[in-house]
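Notes to accompany the following structure.
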Amino acid sequence: MPFSLLCCYCVCVCARARVRALPVSLRVLLCFKPSRKPAGSPLLDPTGGSRSGLYFGDGKRKVDYVLVYHYRRRRASLRGSPGHHRLSIISNGSFPVSGGGGGAADPAEEEKLQIREEFEANLADAGLEIERDKEHKVHGVGFVRLHAPWQVLSREAEFLKIKLPTKKSYELKEVKGFSGKMNAMWRKLNQPFQPKVPQMLSQSRTKFLSHSFSRDKFYNIKQKDTFFDNATRSRIVKKHNTIQTFLNTGQTLMFTPCLPGITTLIANGVYDSAFPLHDVSFFFIILLHDEWARYGAFYKYQPIDLIRKYFGEKIGLYFAWLGVYTQLLIPASLVGIIVFFYGCATVDTNVPSLEMCDERQNFTMCPLCDGACDYWHLSTACSTARASHLFDNPATVFFAIFMSLWAAMFMEHWKRRQMSLTYSWDLSGLEDEEEHPRPKYESILLKKREKKKIKKIKKKKKNEPGQEKLTWRDRLPGYIINISSILFMFSLTFSAVFGVIIYRITTSALMAMSTDPETKSNVRVTVTATAVIINLVVILILDEIYGAVAVWLTELEIPKTETEFEERLILKAFLLKFMNAYAPIFYVAFFKGRFAGRPGDYVYIFNGFRMEECAPGGCLIELCIQLSIIMLGKQLIQNNIFEIGIPKLKKLYRTLKEKGAAPEESDDQLAKTPQQWDLDYDLEPFEGLTPEYMEMIIQFGFVSLFVASFPLAPLFALLNNVIEIRLDAKKFVTELRRPNAVRARDIGIWYNILSGMGKFSVIINAFVISFTSDFIPRLVYQYMYSETGTMYGFIDHTLSYFNVTNFKPGTAPISSQYDKEVTVCRYKDYREPPWSPLAYQFSKQYWAVLAARLAFIILFQNLVMLLSTLVDWVIPDVPKDISEQLKKEKTLLVDVFLREEKDKLQLIQSLFLKDKDGASTPAALPAQEGEAGPRARCRAASFSQFTRQPSPGQTVKHTEV
């Protein structure tokens with residue numbers, strides 16, 4: 001249809017009714033420029049597939065954002081009047097609320113339509129350009145595509161203070177001398193591991209000065225369509241949608257007046273979702289997919305700058321942090337492998353292991369259970385003792401100190417890397433943006449206002465002006481539920497751990513009563529392995545439950561903004577998942593065998609089952625088994641299988657659900673090529689980085705907290721992270737909708753959690769070495785009680801004596817396989833012998849070992865804290881070259897601003913002088929105009945860039961905040 005006829009139609013309609021009563025697309029279309037293409041062109045048929053679905057129907061205006069909604073039209077409207085088709089083409093797919101010939105309409109759907117029209121009209125008034133689909137079916141999915149023209153982009157970039165490169169540039173200082181040669185050699189060696197990024201997209205030696213965008217300043221604008229990248233364009237449009245205030249005229253119970261932007265409208269079902277489109281151009285497919293989201297590129301560095309340009313700074317910082325963490329796991333893995341091989345090399349020369357395996361020693365041990373169990377020889381536990389030495393040797397202490405320093409080095413290295421990214425991404429002066437309140441907060445606040453208004457009306461008081469807000473009294477019920485629920489979750493976790501303990505005790509007793517000798521010999525291995533698997537299954541189940549409960553509890557607190565919501569959610573989820581993952585490990589490390597008692601005075605539960613004890617080689621080998629199975633199981637099942645399988649199952653379920661609910665489509669609709677917005681809508685929505693960070697933080701705990709018991713933990717973490725990076729990359733690129741680009745200076749609260757865990761790991765490793773391993777008892781024996789200064793006699797020194805006549809009735813072995821009658825058995829503890837006046841009391845050796853353990857904890861903690869502080873002091877947070885470049889840029893920016901002000905002043909003076917000369921010599925005016933006309937026009941055009949006055953026919957609109 002010719003544009004003139006369209007305008008006439010709009011004028012006629014506006015004459016009969018208010019403009020706000022029109023369908024939104026009629027109002028929006030008035031913002032479009034007239035097209036020279038005939039009817040049926042891509043402008044009127046946006047599904048024509050022009051330019052890969054990334055542009056409007058005219059193939060020129062880029063789709064910066066997409067709003068999706070579900071619609072349900074009246075059936076009678078499909079068989080409407082002959083003029084109905086003409087209206088659908090004119091309005092580009094929107095139907096007026098009052099249109100249609102009969103048929104019952106759903107009031108809720110009618111109201112949603114009115115709200116969408118009003119909201120989109122406000123977007124159009126703010127300067128955004130809109131394109132809509134034609135609604136072919138009775139019900140289905142509709143897409144609203146938004147485009148931000150240059151006027152909107154420049155205005156909002158100035159308002160948001162987005163830093164952009166200016167025309168001024170300088171060359172980065174190149175390091176010379178020995179360090180320069182070393183850097184060049186390192187770059188050459190590192191070249192095969194670098195992603196293949198075009199020169200135009202990689203960092204060069206030329207740095208352009210960046211400054212907060214202003215329409216008054218000179219910037220390096222070569223082409224307006226590409227000056228703002230896609231991430232910045234979508235962020236600006238998202239900001240429009242978020243702060244856009246919607247005024248509802250219906251004022252029904254379902255939708256309240258003065259709702260905020262798209263977030264609340266999605267929460268109330270007006271829109272289904274809103275997202276930017278994936279860029280299916282060369283940049284996206286070749287670079288991000290082939291150089292990042294491909295398992296074959298596992299050995300390469302990540303293209304962090306491209307990730308930031310495409311997904312925004314917040315996601316870019318996550319992958320940069322994950323890359324730094326994975327990179328620093330390499331030296332930790334190498335040291336862990338060395339420690340493990342040291343244990344393997346010295347196991348045959350380890351004196352305590354040789355003594356335990358020596359059958360000539362003939363240590364007759366007390367029974368492991370009451371009645372059914374017989375006495376046994378310590379030499380039968382030879383394999384356990386040898387395996388324990390692999391992880392419990394002198395190198396373990398060195399490794400624990402190394403990993404504590406490694407955690408400090410990791411935090412310092414990340415701070416420097418973060419500062420470098422902040423500088424290169426122009427985030428150094430980034431200010432916190434004012435956030436809009438969350439939908440639930442606004443709805444509860446609105447209810448409070450209504451209640452207060454009703455009370456004042458009843459009391460006949462005037463409504464006092466003032467800004468209403470939620471107080472602690474409004475949140476008190478949520479806080480009470482939070483505290484009680486978290487305590488209940490803790491008790492549930494402890495109950496699960498206690499249930500597994502009961503399983504271990506009962507299963508051990510039942511297997512010990514078996515008549516099969518092979519079953520009896522494998523009691524400890526079978527019970528430990530099956531109990532750990534049960535623990536792993538319980539942890540995986542409770543992890544999913546706790547994640548959902550944390551979201552629910554955070555909603556009850558009614559946080560005002562999304563940042564507050566995210567921080568509170570992270571704290572709750574971390575607290576619950578930390579307790580869930582580490583509770584079984586803490587039990588084995590610090591509680592198992594500590595309260596079992598001694599022969600003749602054991603501790604019983606349920607009046608019949610003895611508390612379990614550690615293996616003869618100590619609890620450290622069981623701690624190693626527990627830690628390794630839980631860590632590897634979580635990484636394999638939760639971090640990889642769940643991440644791959646669950647999104648695919650969700651997508652399959654949603655596809656089947658929509659396929660069953662959607663009406664049959666015609667052949668023309670089936671043959672229509674799906675556009676990019678159709679393909680992106682079929683992808684899973686992005687739900688935030690909290691799950692990604694959480695799994696890595698829990699893994700960091702496995703690597704740092706109990707690393708003294710499992711030196712191979714960094715190696716398995718490294719192997720997992722190499723896969724995790726490519727898995728997350730593939731998920732972001734091919735399986736998730738494109739996230740909104742969010743600016744961020746750092747990783748937020750996660751840094752504080754990491755720092756706290758690093759300090760906590762020092763304490764945990766000190767206690768593991770002191771109380772769980774035999775390192776301190778061996779030192780005490782060698783330097784205090786050994787006559788030869790060696791470890792010979794250590795096993796006999798750690799075993800106490802028990803007179804079998806002191807067994808309680810019914811607890812002694814019913815039958816024994818030994819030929820000789822056993823009068824004394826041995827058990828692992830430091831107690832006085834039965835012939836001592838203080839029989840079975842703690843001996844002097846016990847108190848000496850305890851004092852040494854406590855002294856070691858104090859010494860270890862202070863030593864590691866001192867070294868960590870020294871590392872923090874020696875390594876500056878800001879690299880030297882970055883600090884020098886920041887100072888240089890500040891100086892250059894001041895020079896640029898002074899030069900600009902000087903040029904402005906000279907330009908104004910020259911204009912005034914020309915006006916004065918023209919007024920004094922009118923006869924010479926034609927000659928002067930002929931000589932300097934073009935130059936004067938050029939200067940006038942340049943001067944207009946520094947003025948903020950709009951032209952007479954143009955109005956400058958700013959976004960309402």
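Yeah, the Cβs are placed from backbone N, Cα and C, and that goes for glycine too.
Pulled from TrEMBL:
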type	residues	note
DOMAIN	55-304	domain 'Anoctamin dimerisation'
DOMAIN	307-889	domain 'Anoctamin transmembrane'
SIGNAL	1-21	signal peptide
TRANSMEM	318-342	transmembrane segment
TRANSMEM	395-411	transmembrane segment
TRANSMEM	479-505	transmembrane segment
TRANSMEM	525-553	transmembrane segment
TRANSMEM	574-591	transmembrane segment
TRANSMEM	696-719	transmembrane segment
TRANSMEM	747-771	transmembrane segment
TRANSMEM	846-875	transmembrane segment
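Sequence-distant contacts of the transmembrane segment (479-505), counting only residues of its own chain at least 6 positions beyond either end whose CB sits under 8 Å from a CB of the stretch, comprise 472, 527-528, 530-531, 534-535, 538, 542, 546, 549, 553, 556-557, 572, 575-576, 579-580, 583-584, 587, 605-606, 609-612. By the Cβ criterion (under 8 Å, sequence separation of 6 or more), the transmembrane segment (747-771) is in contact with the transmembrane segment (395-411), since 3+ such pairs are found.
Contact between the transmembrane segment (846-875) and the transmembrane segment (525-553) is absent: fewer than three CB pairs lie under 8 Å, with pairs separated by 6 or more positions in sequence. When Cβ-Cβ distances below 8 Å are used as the criterion, the transmembrane segment (395-411) is approached by residues 324-325, 328, 331-332, 335-336, 338-339, 342-343, 703-704, 707-708, 711, 714, 751, 754-755, 757-758, 761-762, 765-766, 768-769, 773, 775, 860, 863-864, 867-868, 871-872, 875 of the same chain, each at least six residues removed from its ends. For the domain 'Anoctamin dimerisation' (55-304), the predicted model reports an average pLDDT of 73.
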